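Copied over from TrEMBL, here are the features:
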type	residues	note
BINDING	Arg26, His27, Gly28, Glu29, Ser30, Glu31, Gly32, Asn33, Arg88	substrate binding site
ACT_SITE	His27	active site, tele-phosphohistidine intermediate
ACT_SITE	Glu116	active site, proton donor/acceptor
Amino acid sequence: MEENNHKNNHQSCKTRLLPKRIILVRHGESEGNLDTSAYSTTPDYKISLTEEGRAQARLAGSHLRDLVSSHGPCPDWRVYFYVSPYERTRSTLWEIGKSFSKKRVIGVREECRIREQDFGNFQVEERMKIIKETRERFGRFFYRFPEGESAADVFDRVSSFLESLWRDIDLNRLHSDSSQDLNLIIISHGLASRVFLMKWFKWTVEQFERLNNLGNCEIRVMELGHGGEYSLAINHSDEELLEWGLSPEMIKDQKWRIDGNKADWNDHCTWYLRSFFDYESDSEDDVERS
């Protein structure tokens, strides 16, 4: 029995159907983006889109459809959506969905772990202004809002979501077909999207601190490279990556991922190891003694 289970698991790994793209989308312009005083009277999760936000989402839907339908040799493609439970993300999905026929949509799942960072309950505008100034002095990643979360807290739950995402892929819960290109579209929030990328690409806290937020309905496209790694550099230019806050070394890494093999990542990304080790002190004697 154990041997059969091992064989089945091995076969599952061999036949894993990886998504062609994983696409992150921030919600459209919300009432809170337009006027922060909205948070003092309306719970964050109930903040709705503006008319401009709905128009942005419809335009994003058209752009996403063009992206997944016109790139690559496979004419048969499908999409699967994950969406934050907040009103503004659900409404963004509603508008984006108008660009996709029922045939193209494998499914959708509301996912609480990709919700907005919790800033507390009702947010008093003047108090929040002071709190956010304190966050800039303390550091954006580790600062925890009173009665709310830090970016580190969001990182933990997004990491949990990623584990579930990989199980969905490994067990083919998304009902993917090898003859079709699968595109996962994750409709979330600015911070949740940034920590998603941080977790995925193994970015450090220091690198996270340099990242700029996504604009409303702005997207980040991670596409599967030839060596089995995902890269932002397939669909986005160096100028875009620099504008988002990626360093030249981070951009170089994204370009390597287009053709790079996962097993070679440590050898390639010496900049990452240099963050923790002093290679100048290495010698062959160290290797011989070990």
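Heads up, the Cβ atoms here are built off N, Cα and C, so glycines get one too.
Counting only the Cα atoms, the space from Gly28 (substrate binding site) to the residue listed as 'active site, proton donor/acceptor' is about 14 angstrom. Counting only the Cα atoms, the space from Arg88 (substrate binding site) to His27 (active site, tele-phosphohistidine intermediate) is about 6 angstrom. Geometry remark: His27 (active site, tele-phosphohistidine intermediate) versus Glu116 (active site, proton donor/acceptor), CA distance 11 Å.
Other than Arg26, His27, Gly28, Glu29, Ser30, Glu31, Gly32, Asn33, Arg88, the residues of this chain whose Cβ falls within 8 Å of the Cβ centroid of the substrate site are, in sequence order, Leu34, Ile47, Leu49, Thr50, Gly53, Thr92, Asn216.
Comparing Cα positions, Glu116 (active site, proton donor/acceptor) lies closest to Arg26 out of the binding-site residues Arg26, Ser30, Gly32. Put simply, the two farthest-apart Cα atoms among Arg26, His27, Gly28, Glu29, Ser30, Glu31, Gly32, Asn33, Arg88, the recorded binders of substrate, are 15 Å from each other.
Looking only at other Cβ atoms within 10 Å, the busiest spot among the recorded positions Arg26, His27 turns out to be His27.
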